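Quick paste of what TrEMBL says about this protein:
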- 1-30: signal peptide (SIGNAL)
- 43-128: domain 'Ig-like' (DOMAIN)
- 133-222: domain 'Ig-like' (DOMAIN)
- 239-322: domain 'Ig-like' (DOMAIN)
- 327-411: domain 'Ig-like' (DOMAIN)
- 482-576: domain 'Ig-like' (DOMAIN)
- 583-681: domain 'Fibronectin type-III' (DOMAIN)
- 667-692: region 'Disordered' (REGION)
- 686-783: domain 'Fibronectin type-III' (DOMAIN)
- 787-878: domain 'Fibronectin type-III' (DOMAIN)
- 863-886: region 'Disordered' (REGION)
Amino acid sequence: MGTATRRKPHLLLVAAVALVSSSAWSSALGSPTTFGPVFEDQPLSVLFPEESTEEQVLLACRARASPPATYRWKMNGTEMKLEPGSRHQLVGGNLVIMNPTKAQDAGVYQCLASNPVGTVVSREAILRFGFLQEFSKEERDPVKTHEGWGVMLPCNPPAHYPGLSYRWLLNEFPNFIPTDGRHFVSQTTGNLYIARTNASDLGNYSCLATSHMDFSTKSVFSKFAQLNLAAEDTRLFAPSIKARFPAETYALVGQQVTLECFAFGNPVPRIKWRKVDGSLSPQWTTAEPTLQIPSVSFEDEGTYECEAENSKGRDTVQGRIIVQAQPEWLKVISDTEADIGSNLRWGCAAAGKPRPTVRWLRNGEPLASQNRVEVLAGDLRFSKLSLEDSGMYQCVAENKHGTIYASAELAVQGKGPREFLLRLVRSWAHLLCPCHRVTVTPDGTLIIRNISRSDEGKYTCFAENFMGKANSTGILSVRDATKITLAPSSADINLGDNLTLQCHASHDPTMDLTFTWTLDDFPIDFDKPGGHYRRTSVKETIGDLTILNAQLRHGGKYTCMAQTVVDSASKEATVLVRGPPGPPGGVVVRDIGDTTIQLSWSRGFDNHSPIAKYTLQARTPPAGKWKQVRTNPANIEGNAETAQVLGLTPWMDYEFRVIASNILGTGEPSGPSSKIRTKEAAPSVAPSGLSGGGGAPGELIVNWTPMSREYQNGDGFGYLLSFRRQGSTHWQTARVPGADAQYFVYSNESVRPYTPFEVKIRSYNRRGEGPESLTALVYSAEEGGLLPGRYSSPSSEVERTLGFHTTGLISSSCYLIRYWKAGDKEAAADRVRTAGLDTSARVSGLHPNTKYHVTVRAYNRAGTGPASPSANATTMKPPPQRPPGNISWTFSSSSLSIKWDPVAPFRNESAVTGYKMLYQNDLHLTPTLHLTSKNWIEIPVPEDIGHALVQIRTTGPGGDGIPAEVHIVRNGGTSMMVENLAVRPAPHPGAIVSHSVAMLILIGSLEL
């Protein structure tokens, strides 16, 4: 790759010969062999994206000078301190800004090149930072109009720099609004105009704004705004221009000018353009809503008119284009030699609009009239030149559109020959051969072409005029050209690989050889802490480059340059870095149902490896964790850009994102979609925890567990309670509004104490009623007293049962349990109340493997009864804190076999006696619990099952362990581990007691 600059040494040596000849002429006049800086490369303005992954900005500066130039830089007119190790580095004459930021680095930069002759200042380069923020997250108000009327939908783009291009989506990506005579998207404001609406315009609209920068493109979507159409208005309307171009439009010569004009009306108006004070060029683009002048000139200045017309009338708008221009040189200064004591007049002139002003610089500093120097606009006059007037001068022309510089060297000489008699002598006064390789220019410069070692030697130039004679001798040395002997080879690598690019060179042994490397013409910084680049050899002729742990940003064109003080040679190679895909873009949610949505996205970068599949994830904002969701199709192939999400909860807020994968791994996720809420549905789960009892005489109190937000499925939530006396056939009902309600009190003086009632409950919302719970038996209020009796022995290692018998009439409304650690005082006991007459209670927050004392008291409205004798209960060691791992599965025609690694408990954990597996498939959402004492299980499954959710955890005397959750897809390959969280359905019925929960069961034989 690349070509070596093989003739460059030849050209440099020819220049050296030319300088020798010029030196002879200068020596005859008594001046040194020097010339001032002349710019060969100057900095250009840069637009740097704030979100760019690039780590540096390079502002170029290179000047030809003898002796060579040194460089300084100014930022916003102040000289910069370029210290080793700072973010600002000087590489040659170039300024490299590492990790640029807007706050610190945005501004105007100039390069100053200096040598003993003088100083010149480069043109100004502006470093700007481009950005595009996100649209507001606030929902957009619907827009309503009558069918047949015109309408405008505002884009309201976010803060940005520079300008944007705009498109609009209708309902889904990538269904873009067409640019036809009825629709118009303003590229000035981003607003969408519809001249006359019809039924096909009904839907949801989103504005897509795109920022185009030098090496970065970014797009953002607005929230959707709904367009609603009322009854059609069939009347005809005259045109009314809504999108107007300004009264005055300023443009620079050569720029593209676009005027916009669009009107509402019925029928849809036609747009015509004309130049009021001239004629339109046939080369201009006059597509109806816009007039486009591709390269404006002064002849295009004038007044333009847009006319909108239909059968009902016309409307017009006028505006003027004003053409201006940056400064442009008409006359510049040139290098001048002048005799000491003589007079000199320099002049420069520039055109532009507005008319440019002219100022002068000497050696980079402003020059004003003084003593023998007169500065008058574009004229600079010297009287009686002296040696101190020598130096570098610049004429600067500027207006509000730009600044230009013209440079020249003034050399004031002690003597001024007018006529030259040149005789060039080689090798001790032998005359040069009269051959085609040798040329002597009129100013005395000697040029030798196709130079070889035979041309080495001494060269003498003689100069003579009426004032005398002079000569000067110089020595020409010819050196071996620098050559690349082993060039770097192009490579194709994967993310994270290491790579060595070889680069060997030969050179003249009398000179030092150095190697430099660039990536896409940016110098590589080998000293950056934590960098990926290394030099791999200390030999002078070997400049190999090693890339460690290659990242995607390391792909590009690498150039190895071997250089000496005389010449250089270079070779190029291309490195391609393949990696996981980049984040998908444009995630849009549509077709929102109660449990499903349709998700669309656009492809991200594949990073040189085809995208194999996509994974969709969802979360419930603001603090929900991202979880994989079930989809249709179950496996989303890499060429897809849409899929249906299944199994969502009705009336729940969601955000979605998309992750792409290829053979090299999983990429970064997309940005989250806009927040949506699924549609409402009737409740699908019955309330739980139905119980009751207690209260005042004649009361029936019914309690239940309030349903959490995820089970409510809609607004207007409440509970429907049904109850009847046991043995009765008539059900009474009560409606209890509010999701937080948790009890109902039925009062009736005819209700006898301790009457059994059958009770059942269901929930409702504004979409309907949910399923009914099982029937529970609840007793009305009682009177009397209770004395808890003796305790029986423990029923298991993790449960303690309290047995008691009572005398008298039961009237307790609940039980009060007191418990404290062995060794503590009973006064420090914690307390738990039962729910009604429940004879069990769950006590949580206990310490594992700890002995506790427990007492029970009866409690009713009259107060607390006496305490039972205390019993002892010891909590178990905690269950293992590691979920089963390496889960794999195999499908047969009618069964599913699942295996996992057994979990071995640590010494401080309780034993594992078996495993629990909760299984849920896409045909039956109600989960099924399976128990096994082995580390595998086989269960029957229908053949049409395509997707299942499985949760596996340990079980033992210390309770249940942490679950491992997997999504199983038939023909879907190996398992995929997900977060260790319980599935949403409620766990199976039964008492599970862990190391920190004790279940106390009160068993009583009741005597009435």
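The backbone N, Cα and C atoms fix where each Cβ goes, glycine too.
Just so you know, TrEMBL annotations never went through curation; they're auto-generated.
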If you count Cβ pairs under 8 Å, which stretch among 43-128, 133-222, 327-411, 482-576 touches the domain 'Fibronectin type-III' (583-681) the most?
133-222
Suppose you look only at the domain 'Ig-like' (43-128); what would the mean pLDDT be?
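Overall, the domain 'Ig-like' (43-128) comes to a mean pLDDT of 91.
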When secondary structure is assigned with DSSP, how many helix, strand and coil residues does the domain 'Fibronectin type-III' (583-681) contain?
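Its residues divide into 0 helix, 47 strand, 52 coil.
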Would you mind splitting the domain 'Ig-like' (327-411) into helix, strand and coil residue counts from DSSP?
3 helix, 54 strand, 28 coil
Using DSSP, tally how many residues of the domain 'Fibronectin type-III' (686-783) sit in helix, strand and coil.
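Counting residues per DSSP class in the domain 'Fibronectin type-III' (686-783), I get 3 helix, 47 strand, 48 coil.
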